[in-house]
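Engineer: Take this structure, written in structure tokens, and hold onto it; I'll ask about it next.
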Amino acid sequence: MGELKEILKQRYHELLDWNVKAPHVPLSQRLKHFTWSWFACTMATGGVGLIIGSFPFRFYGLNTIGKIVYILQIFLFSLFGSCMLFRFIKYPSTIKDSWNHHLEKLFIATCLLSISTFIDMLAIYAYPDTGEWMVWVIRILYYIYVAVSFIYCVMAFFTIFNNHVYTIETASPAWILPIFPPMICGVIAGAVNSTQPAHQLKNMVIFGILFQGLGFWVYLLLFAVNVLRFFTVGLAKPQDRPGMFMFVGPPAFSGLALINIARGAMGSRPYIFVGANSSEYLGFVSTFMAIFIWGLAAWCYCLAMVSFLAGFFTRAPLKFACGWFAFIFPNVGFVNCTIEIGKMIDSKAFQMFGHIIGVILCIQWILLMYLMVRAFLVNDLCYPGKDEDAHPPPKPNTGVLNPTFPPEKAPASLEKVDTHVTSTGGESDPPSSEHESV
């Protein structure tokens, strides 16, 4: 009990104590370090709005709460956008730096994902109280989002592959971020299908399925790399483990998109992709596939939660970072997919489970918002040396695995491996005991 008390005391000083303020730095200088990761907050806020809009067990006023969250998201997005604009105008070099930085460029995806939730909530909260013009607004925003997210995805991965060479040791769940925005196109198509006429919905559904599949397959590739990292290197530092919830999002959102898109196809008149007698089969297949991949999302959710809690109750340092909003957004897909599966198979248990997890996420969001405000006010965020832009680039993977790099830049461990490979490709004497761990 004594050790547990000491750990909790340490966590209090790291996460809740207000008497740990760093030296004062003018706000204009702090905004130089206002990185893209701040949009993870608006991404999560939009996700909470989506959860509130999908709760199966509702009470009077819940829709009003959802609209308040929607307005809050718009306010925060405008505020963060203004801060980012100030940063780029005051410090023009940060425009290029933010794109070329090995970590910060990944978080540009959180800005796009915030916009995706904005479009989703237009259909939930704005469309019922507006006119025909909202149908056009949603459709135009959707196609703009599709184009921008795909361009970002391609260019982000190209820059990563071209400028940064990673090792298994540096594998991170954040690698999945660039594929998230195009993947969410399927979720948006499913969310807005009730607002669009059939002849327009068909094209939106095609793009949605296409990009949802793209996102899911790329996710599987990157997920495998991260699992290999866990096997060979172990889990990340406790402070970085909330990022593991990123693995929950793609399978959960894919299941959600399949069900919602199928429901839109079945309910449209005239029918799209289905006939009068085949709608029920489309619903069955989509639900079947959603359940098939839901298990992966549930496993990733449990693994991430256990890993974080195990790290929380250690003496390893634990400081809040904007990346902690990964607790929320990926799990939004898990909650909504669970609820929709429950509706399709008429299971109150599934719906109740999704509802409970959704309530927990709303509570987590409130706590994370508090931690974010506290971290900013005590100079733990948006402060020189404490944000993503201060992270050093990964060491290049060289030697045997990548002989195109100059030998003098090879990490020491790989240089040792390389000394035991002959010029003809054959192996020389086995390494000595001091190198056996390499």
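Cβ coordinates come from backbone N, Cα and C, glycine included.
According to Swiss-Prot, the record shows the following:
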MOD_RES   SER413  phosphoserine
MOD_RES   SER423  phosphoserine
MOD_RES   SER428  phosphoserine
MOD_RES   SER432  phosphoserine
MOD_RES   SER433  phosphoserine
MOD_RES   SER437  phosphoserine
REGION    390-438  region 'Disordered'
TRANSMEM  37-57  transmembrane segment
TRANSMEM  65-85  transmembrane segment
TRANSMEM  106-126  transmembrane segment
TRANSMEM  140-160  transmembrane segment
TRANSMEM  172-192  transmembrane segment
TRANSMEM  205-225  transmembrane segment
TRANSMEM  242-262  transmembrane segment
TRANSMEM  288-308  transmembrane segment
TRANSMEM  321-341  transmembrane segment
TRANSMEM  353-373  transmembrane segment
Engineer: Could you tell me what the rest of the chain brings near the transmembrane segment (140-160), counting residues at least six beyond its ends with Cβ under 8 Å?
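Structural biologist: Distant Cβ neighbours of the transmembrane segment (140-160) are 99-100, 102, 105-106, 108-109, 112, 115-116, 119, 122, 175, 178-179, 181-182, 184-185, 188-189, 192, 204, 207, 211.
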Engineer: Six or more residues beyond either end and a Cβ under 8 Å away: which residues meet both conditions relative to the transmembrane segment (106-126)?
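Structural biologist: For the transmembrane segment (106-126), the list is 35-37, 39-40, 42-43, 45-47, 49-50, 53, 63, 66-67, 70, 73-74, 77, 98-99, 134, 137-138, 141-142, 145, 148-149, 152, 156, 174-175, 177-178, 180-181, 184, 187-188, 191-192, 194-195, 322-323, 325, 329, 388.
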Engineer: Which residues, given as numbers and ranges, are at least 6 beyond the ends of the transmembrane segment (321-341) yet have a Cβ under 8 Å from it?
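Structural biologist: Hits for the transmembrane segment (321-341): 35, 37-38, 40-41, 43-44, 46-48, 50-51, 54-56, 107, 110, 113, 173-174, 187, 239-240, 242-249, 252-253, 255-256, 259-260, 287, 290-291, 294, 297-298, 301, 347, 350-351, 353-355, 357-358, 361, 364-365, 368, 371-372, 381.
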Engineer: Can you tell me which parts of the same chain pack against the transmembrane segment (65-85), counting only residues 6+ beyond its ends and a CB-CB cutoff under 8 A?
Structural biologist: 31, 34, 36, 38-39, 41-42, 45-46, 48-49, 52-53, 114, 117-118, 121, 124-125
Engineer: When you scan the chain for residues with a C-beta under 8 Å from the transmembrane segment (242-262), skipping those not six or more beyond its ends, what do you find?
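Structural biologist: Cβ under 8 Å, 6 or more out: 172-174, 176-177, 179-180, 183-184, 186-187, 189-191, 193, 205, 208-209, 212, 215-216, 219, 223, 226, 236, 282-283, 285-287, 289-291, 293-294, 296-297, 300-301, 303-304, 307-308, 323-324, 326-327, 329-331, 333-334, 336-337, 340-341, 344.
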